[in-house]
Amino acid sequence: MGGDKIKKDRRQKREDYRAAMRQEGISELPRKKFYRQRAHANPFSDHQLIYPPHPDQMDWSSLYPDYVIDEPHHQESPPSSEVPPDNSELAPLKPKRISKDVEVADIGCGFGGLLVALAPTMPDKLILGLEIRVSVTQFVEDRIKALRAQNQDARLYRNVGVLRANTMKFLPNFFRKGQLTKVFICFPDPHFKARKHKQRIVSTTLNSEYAYVLRPGGIVYTITDVLDLHEWIVQHFDAHPSFERIGEEEQEADPCVGIMRTETEEGKKVERHKGQKYVALYRRLEDPAW
């Protein structure tokens, strides 16, 4: 009974802390210990996620409010022959438009270290973190909110947002063909057991989805501290006709690589333990003429 009470008290303390962090005007950075969650989530489980049927129906306005386009609220009613009166409430809502598209995606963004490091270095790009875990997503939301409040005058971190999503299932629901210029896959779950390899975030099928959302010339950035996973990543991207590996000289000249190595939480952990980091970058090729 005593153990149950302690767990209940801790859970209540976490909930109270998170509720306080979501109040307006809070500029204190969130503390991770109040957002802890299991490191792994089964991507094949039903996570009760909400996702748009089509990218054009995604409302980005809450993530990037500074980029919302002011439009008249009046919307012409369609002819009665197109939408029957008894079905009018089923007509799809028109989302608020923003002035530019998301171009950079961090898949499995974790606690958002890469996101907040990239934001000031790419002020003209909209950057999105995608994370499947509820508490971790909320941490990143609160982190971005606090950073925006702390940098109110400089208007920094307005170009970065986070979304709870399962990219293994719904990536093309959020992004149109050729929309993205950069995709980051940083320290993904290695799923060591052979029977779990189907849950790896790099595969023949998923690489085709990355090719779909990336425009020609766009880059997939990968990094891991697990050699077996690195070799798996290289094997699957090398075998895909839509990608070519970027050479080491060009790779090391890319400033995003340095940020990816040092600014993610996992990257810092590997650094503390004197571990090895394996990097591979792949460029999206032009589609064949046919």
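Just so you know, glycine gets a Cβ as well, placed from its N, Cα and C.
Features reported for this protein in TrEMBL:
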COMPBIAS  1-21  compositional bias 'Basic and acidic residues'
REGION    1-33  region 'Disordered'
REGION    69-95  region 'Disordered'
BINDING   G108, E131, I132, N166, T167, C186, T264, E265, E266  S-adenosyl-L-methionine binding site
ACT_SITE  D189  active site
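T264 (S-adenosyl-L-methionine binding site) sits 14 Å from D189 (active site), counting Cα to Cα. Checking each of the binding-site residues (G108, I132, T167, E266) against D189 (active site), the C-alpha distance stays within 10 Å for G108. The 10 Å shell around the Cβ of T167 (S-adenosyl-L-methionine binding site) contains 25 further Cβ atoms across the protein chains shown. Around G108 (S-adenosyl-L-methionine binding site), the same-chain residues six or more apart in sequence whose CB sits under 8 Å from its CB are L130, E131, I132, T167, I185, C186, P188, D189, I201, listed in sequence order. Around E266 (S-adenosyl-L-methionine binding site), the same-chain residues six or more apart in sequence whose CB sits under 8 Å from its CB are G110, C186, F187, D225, listed in sequence order. Each of the recorded positions I132, D189, T264 was assessed for Cβ neighbours inside 10 Å, and the highest tally belongs to T264.
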